[in-house]
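Student: Quick one: this structure, given as structure tokens, is what I'll be asking you about.
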Amino acid sequence: MTPMKIILAAPRGFCAGVNMAIDSLDLTLQKFGPPVYVYHEIVHNQFVVKTFREKGAVFVDTIDEVPEGGVLLFSAHGVSPEIRKAAQARKLHALDATCPLVTKVHLEAIKYAKAGYTIILIGHEGHDEVLGTMGEAPEAIVLVEDEADVDRLEFEPGTQLAYLTQTTLSVDDAGRVIRRLRERFPEIHSPPKDDICYATQNRQEAVKLLREDADVIVVLGSQNSSNSQRLKELAAEQGKRAMLVDGPQDLAVDQFSDDDRVLITAGASAPESVVQSTIDWLKENFDASVDTQVVREEDVQFPLPKPLRAFAAEQAAAK
């Protein structure tokens, strides 16, 4: 019998936006001390959120939960102008860890709205990123999730249309919705550059290319992570066994066979530590070997929020 083989996908795990957001929260806690309030989860990963709670971060869903004058960090998913104004009204010391690729979508929404366009936003209702983007121009944005939503759209003749997308969508799903939009509204404007982020695309590409050789696919990530859910869906497309788990604590020995070929990847908000602990669990239980498959190299970094850059430099110099 051939022993278990782990196919370790690369790239996987943290993207540049998540790295920046996590570094920002770490530095904010060091600079100001706890408690540091974070509007929504810093990233959609339960392990990361638990770790920061233990360090003194407090995750809130409304600005009213933050004491006046408190320190507040906006998460990687971005916020609406209304939230920024509410933070100012409470005299909060607000820092912004919004991913620059999300900010790009916000700026596109503002630009199109000012030019008189109706914006069709492709995304998941209720997702933090979607709420922030829609808040930039609520009177001008219509949300769609799939082709059926597109088929229900009706606009006055002569309406100028543009579309934008949530950054963490399935490339294939978004492509189908965009094709339907173009069929129904041939004059619709598209963003100058694809809104789906590089890391989302790269991780999906790796799963597509590597799933053929796998019997089972394990995606490390949390259930509320949009990009992790899309990876699981992609993994399961051809009838393969696919699971989305936070770590080895969610796995059972009877889910695997001794000779399985197990593809492991991780969503953009899942830390490498949970990948390694999952590999260790499979090695311990199945004597598995690891074969890393690099599909694409990544070397992207995003700058910290300006108020943290000098402090970060001081901390680095002191080491």
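Keep in mind that glycine also has a Cβ here, set from the backbone N, Cα and C atoms.
Annotation comment: Swiss-Prot describes Cys15, Cys99, Cys197 as [4Fe-4S] cluster binding site. Annotation comment: Swiss-Prot describes His44, His77, His127, Ser225, Ser226, Asn227, Ser269 as dimethylallyl diphosphate binding site, evidence class sequence analysis. Residues or ranges marked as isopentenyl diphosphate binding site in Swiss-Prot: His44, His77, His127, Ser225, Ser226, Asn227, Ser269. Marked as (2E)-4-hydroxy-3-methylbut-2-enyl diphosphate binding site by Swiss-Prot: His44, His77, His127, Thr167, Ser225, Ser226, Asn227, Ser269. What Swiss-Prot records for Glu129 is active site, proton donor, and it gives sequence analysis as the kind of evidence.
Please go over these features one by one and say how buried each is and what sits next to it.
Tutor: The 10 Å shell around the Cβ of Cys99 ([4Fe-4S] cluster binding site) contains 26 further Cβ atoms across the protein chains shown.
Same-chain residues at least 6 positions away in sequence with a Cβ under 8 Å from that of His44 (dimethylallyl diphosphate binding site) are, in sequence order, Asp128, Ser222, Asn224, Ser225, Ser226, Ser228, Ser269.
According to DSSP, Asn227 (dimethylallyl diphosphate binding site) is assigned to a helical segment. Taking the Cβ of Asn227 (dimethylallyl diphosphate binding site) as centre and 10 Å as the limit, one finds 26 other Cβ atoms among all the protein chains shown.
The Cβ of His127 (dimethylallyl diphosphate binding site) has 18 neighbouring Cβ atoms from other residues within 10 Å, across all protein chains displayed. According to DSSP, His127 (dimethylallyl diphosphate binding site) sits in a coil region rather than a helix or strand.
Residues near Glu129 (active site, proton donor) in space but far in sequence (CB under 8 A, at least 6 apart, same chain), listed by position: His77, Gly78, Val102, Gly123, Gln166, Thr167, Thr168, Ser226.
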Student: Applying a 10 Å Cβ distance cut-off over all chains shown, what neighbour count does Ser226 (dimethylallyl diphosphate binding site) have?
Tutor: 25
Student: Within 10 Å of the Cβ of Ser225 (dimethylallyl diphosphate binding site), how many other Cβ atoms are there?
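Tutor: Step by step: centre on the Cβ of Ser225 (dimethylallyl diphosphate binding site), count other Cβ atoms within 10 Å, giving 26.
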Student: Excluding His44, His77, His127, Thr167, Ser225, Ser226, Asn227, Ser269, which residues of the same chain place their Cβ within 8 Å of the centroid of the Cβ atoms of the recorded (2E)-4-hydroxy-3-methylbut-2-enyl diphosphate site?
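Tutor: Result: Val43, Asp128, Glu129, Thr168, Asn224, Ser228, Gly267, Ala268.
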Student: Pick the one among the binding-site residues Thr167, Ser269 whose Cβ has the fewest other Cβ atoms within 10 Å in this structure.
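Tutor: If we count Cβ atoms within 10 Å for the binding-site residues Thr167, Ser269, the smallest count is at Thr167.
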Student: So around the [4Fe-4S] cluster site, Cys15, Cys99, Cys197 aside, which residues have their CB within 8 A of the centroid of those CB atoms?
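Tutor: Leaving out the recorded residues gives Ala16, Gly17, Val18, Ala76, Leu101, Val102, Thr167, Thr168, Tyr198, Ala199, Thr200, Ala268.
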Student: About how far apart, in whole Å, are the alpha carbons (Cα) of Asn227 (dimethylallyl diphosphate binding site) and Cys99 ([4Fe-4S] cluster binding site)?
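Tutor: Asn227 (dimethylallyl diphosphate binding site) to Cys99 ([4Fe-4S] cluster binding site), Cα-Cα distance: 14 Å.
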Student: To the nearest whole angstrom, state the Cα distance for the pair Cys15 ([4Fe-4S] cluster binding site) and His127 (dimethylallyl diphosphate binding site).
Tutor: 19
